Amino acid sequence: MAEEIEVEETEDFHDMDFNDEEPSCSGGAVQARTERFVVKKWVAHAMWGWDVAVDNCAICRNHIMNLCIECQADPNANQDECTVAWGECNHAFHYHCIARWLKTRLVCPLDNKEWVYQKYGR
């Protein structure tokens, strides 16, 4: 199946009309390539994606990018101090929440697999 697709693509490629002729000099005049189209306006669009399936910490139920309940209770807490921790299972929690959870259980709260830090930070 993949071979058929490749053959079709190359056939389409060969049917395209190219102007590969090099400009030649004849009598001191240089032939310029004619443009087939001119881009008058280009509007770029971007999308931001989040690779975590859930937006909330399953332990404290707050949005993962907001402060956890521990940091909300501390008036001196800084947004940078409340980081996100990812496990090898790709589940994400607030670092403070998962650290408190791991004091009593050494498994992920969602899938009950052994918890191993993959990364943590913003």
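Note: Cβ is positioned from N, Cα and C throughout, glycine not excepted.
Marked as Zn(2+) 1 binding site by Swiss-Prot: Cys57, Cys60, His94. Taking Cβ-Cβ distances under 8 Å and a sequence gap of 6 or more within the same chain, the neighbours of His94 (Zn(2+) 1 binding site) are Cys57, Ile59, Cys60, Asn62, Ile64, Cys68, Glu70, Cys71, Cys82, Thr83, Val84, Ala85.
In this view, Cys82 (Zn(2+) 2 binding site) is surrounded by 21 other Cβ atoms within 10 Å of its Cβ, with every protein chain counted. Annotation comment: Swiss-Prot describes Cys68, Cys71, Cys82, His96 as Zn(2+) 2 binding site, evidence class similarity to another entry.
Taken from Swiss-Prot, the feature Zn(2+) 3 binding site covers Cys89, His91, Cys108, Asp111. The secondary structure of His91 (Zn(2+) 3 binding site), as reduced to three states from DSSP, is coil rather than helix or strand.
The compositional bias 'Acidic residues' annotation in Swiss-Prot covers 1-23.
The feature region 'Disordered' is assigned by Swiss-Prot to 1-28.
Taken from Swiss-Prot, the feature zinc finger covers 57-112, and the record attributes it to sequence analysis.
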Additional residues around Zn(2+) 3, ordered along the sequence, whose Cβ is within 8 Å of the centroid of Cys89, His91, Cys108, Asp111: Gly87, Asn90, Pro109, Leu110, Asn112, Lys113, Trp115
Additional residues around Zn(2+) 2, ordered along the sequence, whose Cβ is within 8 Å of the centroid of Cys68, Cys71, Cys82, His96: Leu67, Ile69, Glu70, Gln72, Ala77, Glu81, Thr83, His94, Tyr95, Cys97
Of the residues in the zinc finger (57-112), how many are helix, strand and coil by DSSP? 13 helix, 9 strand, 34 coil
